[in-house]
Amino acid sequence: MKCLLVVCTLVAPKDGEFTDDLNLFDARNLTDDEQLALDRELMESKRRLLENPDLYQGDILLTEEQKRALKERNVIPSSANWWPAAADGYVYVNYRFASPSIAKTMVLQAINTWQANTCVRFRDIQNADGKPHLIFQNDNSGCNSFVGRISNTNGQPVNLAPGCLTEVDTPIHEIGHALGLHHEQSRSDRDNAIYVVLDNVKPDKNSRDQFAKEATNNFNVPYDYSSVMQYYST
């Protein structure tokens, strides 16, 4: 069995709706007070994102090596960060929760969505035993993750602030990064599928970085307009 991890159409937002990693959910069922509290949390998370120089494209954490490569060659090397396939063709990814306080329901739903649509299998571990693994944690930095496997025996964080766990879409997106997927609009061949009007993008570096192209390996998979990894147009 051969495993090819592709960007699956797991969630398709409404046509014409702009989404980012902090509002990929529909909160219409909340009370007015709950909605107000959620809006405040989202605004605070976005403020922290803008002030965090260590985030790339709004929600991507970078290693020091990746920062240097990005600065020198405008490339984030990724082939070294692939999760290896086992002999049975599946890709096994270990994970744990940093604390009992994190809302596990949405994370587990996101994990089940990936398992139902790909050859990735997640294993909940109590003891890391020095193996690379994901750590889902409630972090005030917002919603962010590294891209691909980082060889860190202490585990690599998938940061999910409370506002990231109201619906399943955001943890699906951040897990996609942790598995090795870049934003769909950053594909090397994106100009064959979409047109990015940079004049309509805010001039600050963080905003423009969200639409920067990467040297991606697309495995001959067509551009996915409904990908959970894509930011949508206004």
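Using the three backbone atoms N, Cα and C, a Cβ is placed for every residue, glycine included.
Please treat TrEMBL annotations as automatic predictions, because they have not gone through curation.
What TrEMBL records for this protein:
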ACT_SITE  E174  active site
BINDING   H173, H177, H183  Zn(2+) binding site
DOMAIN    74-234  domain 'Peptidase M12A'
Per DSSP, to which secondary structure element type does H183 (Zn(2+) binding site) belong, with helix, strand and coil as the options? coil
One finds that other Cβ atoms within 10 Å of the Cβ of H173 (Zn(2+) binding site) number exactly 26
Quick one: average pLDDT across the domain 'Peptidase M12A' (74-234), no decimals. 86
If I take the alpha carbons of H183 (Zn(2+) binding site) and the residue listed as 'active site', what is the distance between them in whole Å? 10
What DSSP gives for E174 (active site), in three states, is helix
